[in-house]
Amino acid sequence: MTAPSQVLKIRCPDDWHLHLRDGDMLKTVVPYTSEIYGRAIVMPNLAPPVTTVEAAVAYRQRILDAVPAGHDFTPLMTCYLTDSLDPNELERGFNEGVFTAAKLYPANATTNSSHGVTSVDAIMPVLERMEKIGMPLLVHGEVTHADIDIFDREARFIESVMEPLRQRLTALKVVFEHITTKDAADYVRDGNERLAATITPQHLMFNRNHMLVGGVRPHLYCLPILKRNIHQQALRELVASGFNRVFLGTDSAPHARHRKESSCGCAGCFNAPTALGSYATVFEEMNALQHFEAFCSVNGPQFYGLPVNDTFIELVREEQQVAESIALTDDTLVPFLAGETVRWSVKQ
């Protein structure tokens, strides 16, 4: 990686956690990812969720149809785990190169997760098959019991679900997605080579004070929810250390403005347009730009056993203002950092 004062040239990055939705929303948001990233792990939480090879093939085609000419982008599809999923269907999709990984959502943990897994025991035959064939498990790591405080759900998940699962299936490759706590950062750092994590730009840049002090900022509301400052700092220190089992996963999750700015607003930040520059800003603030390329472009492929991309992109350090909104057919989409001035952006 070369890093003169104003330009960062890095190998083309990948996004290892992305929501593209469907229909008109998909057509609107895909280009913001496909112009920057070589590949993206696409989340399967549509309504209904992607649980079959045929559904994944059809969804992949809808994504590819939305990629503008001249963009070189490969969507990597995932299977949504349910209590009733057939292990043979999962293995067939993996062997045919349709499914790159499978996603475990605890039931009702986040958007469109009502079909999710009620308990790990319920899907043990599926997980055992995944361990056998070397298929990565992607985990939304929160418990959903009503009596557990929302700020404690990730830490509780580690002790009650994640660690028992990894003790039981020691060869299973696991990605602890969008980690938000010091507990998770420590757990992944202290784990073995079969455990990795993704981190979003919002969890590196902000903590719960930013979302709640001086007024509620619904466009910072996502799940897992922003935590207190000590957790934000632990995440920043993890990425700044150059640790090689943490990588870029934006969790970009678009919702129309009226669904965010609501008396019961949806969780998710649409950060695809600004994520890469946001990550660069964090690495610069931490004096860790030497580790930026690995986080964006190397660590993920290494964990998944895929080649790194062979093209390069440049980020430029010059102030730019983020658009206030992006037009949808019958509403608008508010991007992460809307209306704000950002330090780094992708060179056009």
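Including glycine, each Cβ sits where the backbone N, Cα and C put it.
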*Which one of LYS103, LYS173, LYS182 goes with HIS17, HIS19, ASP251 at the Zn(2+) 1 site, as Swiss-Prot has it?*
LYS103
*Which residue of HIS71, HIS115, HIS178 does Swiss-Prot report at the same Zn(2+) 2 site as LYS103, HIS140?*
HIS178
*Quick one: which of HIS231, HIS255, HIS258 does Swiss-Prot put in the substrate site with HIS19, LEU20, ARG21, ASN45, HIS140, LEU223, ALA267?*
HIS255
*asked:* Using a Cβ cut-off under 8 Å and a sequence separation of 6 or more, which residues in the same chain sit near ALA267 (substrate binding site)?
replied: THR110, THR111, TYR221, CYS222, LEU223, ILE225, ALA253
*When the Cα-Cα distance from ARG21 (substrate binding site) is computed for each of the recorded positions LYS103, HIS178, ASP251, which gives the smallest value?*
ASP251
*Could you round the CA separation between ASP251 (active site) and HIS17 (Zn(2+) 1 binding site) to a whole angstrom and send it over?*
5
*asked:* Considering Cα atoms only, can you say which of HIS17, HIS19, LYS103, HIS178 is the nearest neighbour of HIS255 (substrate binding site) among these binding-site residues?
replied: HIS19
*Hey, how far is HIS178 (Zn(2+) 2 binding site) from HIS140 (substrate binding site), Cα to Cα, in Å?*
8
